[in-house]
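S.K.: Have a look at this one before I ask anything.
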Amino acid sequence: MNREEFLRLAAEGYNRIPLARETLADFDTPLSIYLKLADQPNSYLLESVQGGEKWGRYSIIGLPCRTVMRVHGHHVSVTHDGVEIESLDVEDPLDFVETFKARYNVPTIAGLPRFNGGLVGYFGYDCVRYVEKRLANCPNPDPLGVPDILLMVSDAVVVFDNLAGKMHAIVLVDPAQQDAYARGVAQLDELMHKLRQPITPRRGLDLDRAPRADPVFRSSFTQGDYEAAVDTIKQYILAGDVMQVVPSQRMSIDFKAAPIDLYRALRCFNPTPYMYFFNFGDFHVVGSSPEVLVRVEDNLITVRPIAGTRPRGATEEADLALEEDLLSDHKEIAEHLMLIDLGRNDVGRVSEIGTVKLTEKMVIERYSNVMHIVSNVTGQLKNGLTAMDALRAILPAGTLSGAPKIRAMEIIDELEPVKRGVYGGAVGYMAWNGNMDTAIAIRTAVIKNGELHVQAGGGIVADSVPVLEWEETLNKRRAMVGSAWWPWPRRLPRVEQACCSGNER
């Protein structure tokens, strides 16, 4: 874009204008670019692997963000360069987010990637309390104390095009600033200079190192307490109070490694459709989620329910046998069909009548440690609604709550010993152009104050077996735990004790 085009867009009323530069990406990876440009607080890296086997087309590297929004309960704090510029209590923080996003008027520029800036971060599980008044107050303690919503204004990004072997460096420029165009060009020049610099070497992750002593996790449940919670849920189901509930347990362990090294191990051992690394300064969120929460692209809503799990086999023949066993398991099929219906209902709440479609039904997707049954539901967003309306309708996913959703979440509040926080919420972005792409925050670690916290759960139905449900939570944490301790252990850390068991509440 030349200066005349920039000034024309400014005259049309746009208050942020993207300037971009394209270059070959044959000497770099998304991770190396992140380490060169963005390895500081309030930065991020988003990557994708399709079908567990093929890297998605775009990876997004978010340079350190100057403006950050944090929401605790109903209190909103906005900082710029670390200085608080807004502090207020609001009735509905989701409304505030939408109003805040509307402050940025950004043109669509032909030839740029579909994401070139927006609000990036997460909406925690407890955001449902802004929507459902029956759930307005969380009764459980919050030992992590992270924000319910944390969104960064991402106005400088590098988008890595894995298909074309190119990358786009993009900066959003405020045309009201003095010499705005020249300053934007200078910022791009500086980015390109940094891209040409060698990467600072990091320690290797040696696959052949000898194992260390077994580490021990601290769990929010003992095995007995978790199995008792499953039995309680089954009683609710038999009484006709609910059809399914998805309880979870949090597991915590001391963690002294660099969080980026956990991400390096995850992208090697457990590549998924949603890989993410967030450095929020006082804590990190690192994840490899297999499941979209909700995607809105050109007003097409997509949700992709995942329910039904088996561990991976050692051979192709073993995998096929496990797939057959999974697809013939009446409990798993019943659970999945229930969640398809819930997904249709959620999408239908914000879709034009007659547009909701089941485009894939009960296909198997394989990941590094487990395989899942997956379906795909789409709908056309109603005229006049926005991506935030879709998020309101769908968060949290039925796969993380149950059915009927509100009653299931009341039971979760009753039985789980701690506030969920990031777990079960939405991780991703809301782009300036109205699109949104969010993953369910599962297979996700929160690293804070020298501890790593990971949470896992499973859907409980009438014929669930408590000990098997406990084992399913351990299988689901396997990729994260193995990566956190890679390459040292050849067996997983033990879960030894409850740090806040249900019996102590």
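Even glycines carry a Cβ here, placed using N, Cα and C.
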S.K.: Looking at chorismate binding as recorded in Swiss-Prot, which candidate out of Y423, Y429 goes with G308, T309, R443, G457, G458, G459?
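M.R.: The candidate from Y423, Y429 that Swiss-Prot ties to chorismate along with G308, T309, R443, G457, G458, G459 is Y423.
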S.K.: Swiss-Prot has P273, Y274, M275 down as binding L-tryptophan; which of S48, S59, S77 does it also list for that site?
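M.R.: Among the candidates, Swiss-Prot records only S48 at this L-tryptophan site.
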S.K.: Among the binding-site residues listed here, E335, E472, whose Cβ has the fewest other Cβ atoms inside 10 Å?
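M.R.: So among E335, E472, the binding-site residues given, the one with the fewest Cβ atoms within 10 Å is E472.
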S.K.: In which DSSP state, out of helix, strand and coil, do we find Y423 (chorismate binding site)?
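M.R.: For Y423 (chorismate binding site) - judged by DSSP and reduced to three states - the answer is coil.
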S.K.: Measure from the Cα of G458 (chorismate binding site) to the Cα of every one of the binding-site residues S48, P273, Y274, M275, E335, then give the nearest.
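M.R.: Result: the closest of the binding-site residues to G458 (chorismate binding site) is E335.
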S.K.: Run through the Cβ atoms and count how many others sit within 10 Å of the one on T309 (chorismate binding site).
M.R.: 18
S.K.: What subset of the binding-site residues S48, M275, G457 lies within 10 angstroms of E335 (Mg(2+) binding site), using C-alpha positions?
M.R.: none
